[in-house]
């Protein structure tokens with residue numbers, strides 16, 4: 001037996017492989033640029049989950065062709081419900097992950113398993129109704145595990161004191177890049193293999209990237225969350241207990257905090273309406289253009305691609321300048337909402353011109369997409385609390401909006417056709433613009449009050465420094481006074 005043959009026949013020791021794996025993982029954890037690797041892997045996973053969610057309108061179009069007796073309302077529910085479940089569960093899943101000792105790796109493995117099983121069981125359903133069990137529930141749980149884990153670990157490595165806090169957290173807030181990748185891919189897979197095989201491919205891809213994250217995601221050492229102080233006499237950030245819920249047990253804001261920050265109510269209404277519009281457009285514009293182009297799904301999916309390009313451009317630009325406009329992020333949202341209202345008003349006049357709809361889709365994606373740009377940091381500024389609470393709360397409200405979006409958009413289309421759909425979207429975006437004007441005014445007034453009190457406090461400290469210090473003296477005894485009187 002030759003030397004090479006003898007070496008090849010030596011059995012592999014599992015402990016050796018495990019120790020080798022542990023050695024490489026330790027070296028990775030000590031790498032000085034680990035935070036950027038974690039951000040990259042987090043962003044890739046968010047791109048996957050966001051891309052499937054945003055490009056699911058292509059699946060809806062394919063399902064509509066196969067199941068012609070199923071209403072658009074039901075198909076839209078299938079497209080939105082799994083993401084809505086994922087968003088709605090975020091505060092609760094965030095709390096669970098943190099209370100489990102920041103079990104980021106376990107959460108990502110579980111996410112991969114849930115989504116893999118979901119996609120393969122969804123590919124075998126005989127009718128769309130079964131997708132509410134196989135896709136909505138299983139994929140929804142997997143989605144929330146990904147979103148919570150990536151947001152938590154990115155918030156640790158790029159906290160509010162980090163110079164790139166807004167930039168980093170923007171890429172785990174739910175970016176639009178996925179639709180640029182998955183839009184064409186879904187169209188190609190469905191066109192060549194059918195929607196069932198496309199589901200199976202998605203499940204495999206998700207599992208691979210989730211397992212990659214499970215290897216990389218190392219919790220940051222000595223992490224302590226911070227929140228904005230409610231006490232107006234303390235303007236600086238103060239450390240709080242090491243939980244996302246600041247010791248209250250849940251990643252939810254308190255009633256007292258809500259009473260002190262009324263802008264949160266208007267923020268919640270905006271998030272509801274934004275998701276009515278965003279997912280109503282993503283689910284139905286593809287169907288509209290596909291039907292107008294004689295059921296050519298490859299041509300119909302272009303509207304999603306153009307929408308995604310516009311959204312990606314504004315998202316990237318916003319992320320790059322976000323750290324320079326800290327404190328004024330809500331103003332960026334207001335401008336986007338007002339611009340979106342104007343574009344939708346134009347679109348509802350030209351909706352019968354398919355080419356015009358395709359062109360306007362890019363501008364509409366940019367305008368409406370501002371509502372998702374640096375969402376993590378914006379939720380911190382508006383809700384006035386740490387992102388580990390503000391972001392899941394914001395996404396929870398978005399989940400409610402997504403759950404109601406199919407009912408609104410599907411019912412409007414079935415009743416008033418696509419003309420009524422575009423008119424309703426225009427009205428909702430106009431309301432969004434009004435809500436953000438109110439939010440910006442409330443935040444502006446709050447900032448003025450805080451600056452005034454800070455100035456008064458600084459003046460008070462200066463006055464205290466200028467006042468002469470009185471040195472107390474001991475009382476003079478009677479014997480000493482008598483000695484002074486006698487000249488002794």
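Backbone N, Cα and C atoms are what each Cβ position is placed from, and that goes for glycine too.
What TrEMBL annotates here:
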- 34-51: transmembrane segment (TRANSMEM)
- 38-445: domain 'Major facilitator superfamily (MFS) profile' (DOMAIN)
- 81-100: transmembrane segment (TRANSMEM)
- 107-125: transmembrane segment (TRANSMEM)
- 131-154: transmembrane segment (TRANSMEM)
- 166-186: transmembrane segment (TRANSMEM)
- 198-217: transmembrane segment (TRANSMEM)
- 264-283: transmembrane segment (TRANSMEM)
- 303-321: transmembrane segment (TRANSMEM)
- 328-351: transmembrane segment (TRANSMEM)
- 357-377: transmembrane segment (TRANSMEM)
- 389-409: transmembrane segment (TRANSMEM)
- 421-444: transmembrane segment (TRANSMEM)
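Note on the transmembrane segment (166-186): residues 39, 42-43, 46-55, 58-59, 147, 150-151, 154-155, 157-158, 198, 282, 301, 304-305, 307-309, 311-312, 315, 318-320, 322-323, 326, 329, 365, 369, 372-377, 387, 391 of its chain, located 6 or more positions outside it, place their CB under 8 angstroms from a CB of the stretch. Within the same chain, residues 54-57, 60, 76, 79-80, 83, 179, 253, 258, 304, 307, 333, 337, 340, 364, 368, 371-372, 379, 382-383, 394, 397-398, 400-402, 404-406, 408-409, 421, 425, 428-429, 431-432, 435-436, 438-439, 442 sit at least 6 positions outside the transmembrane segment (264-283) and bring their C-beta atoms closer than 8 Å to a C-beta of that stretch. For the transmembrane segment (107-125), the residues of the chain that approach it from at least six positions outside its boundaries are 45, 82, 97, 131, 134-135, 138-139, 141-143, 145-146, 148-149, 196-197, 199-200, 202-204, 206-207, 209-211, 213-214, 217, judged by C-beta separation under 8 angstroms. Stretch with the largest number of CB pairs closer than 8 A to the transmembrane segment (81-100), among 34-51, 131-154, 198-217, 421-444: 131-154.
The transmembrane segment (198-217) makes contact with the transmembrane segment (131-154): 3 or more of their CB pairs lie within 8 A, with pairs spaced 6 or more apart in sequence. For the transmembrane segment (34-51), same-chain residues at least 6 beyond its ends with a Cβ under 8 Å from one of its own Cβ atoms are 28, 86, 108, 143, 146-147, 150, 153-154, 157-158, 168, 171-183, 205-206, 209-210, 212-213, 216-218. Long-range contacts of the transmembrane segment (421-444) within the same chain: residues 262-263, 266-267, 269-270, 273-274, 276-277, 280-281, 284, 288, 330-331, 333-334, 337-338, 340-341, 344-345, 347-348, 351, 368, 371, 381-382, 408-409, 412-413, each at least 6 residues beyond the stretch ends and with a Cβ under 8 Å from a Cβ of the stretch.
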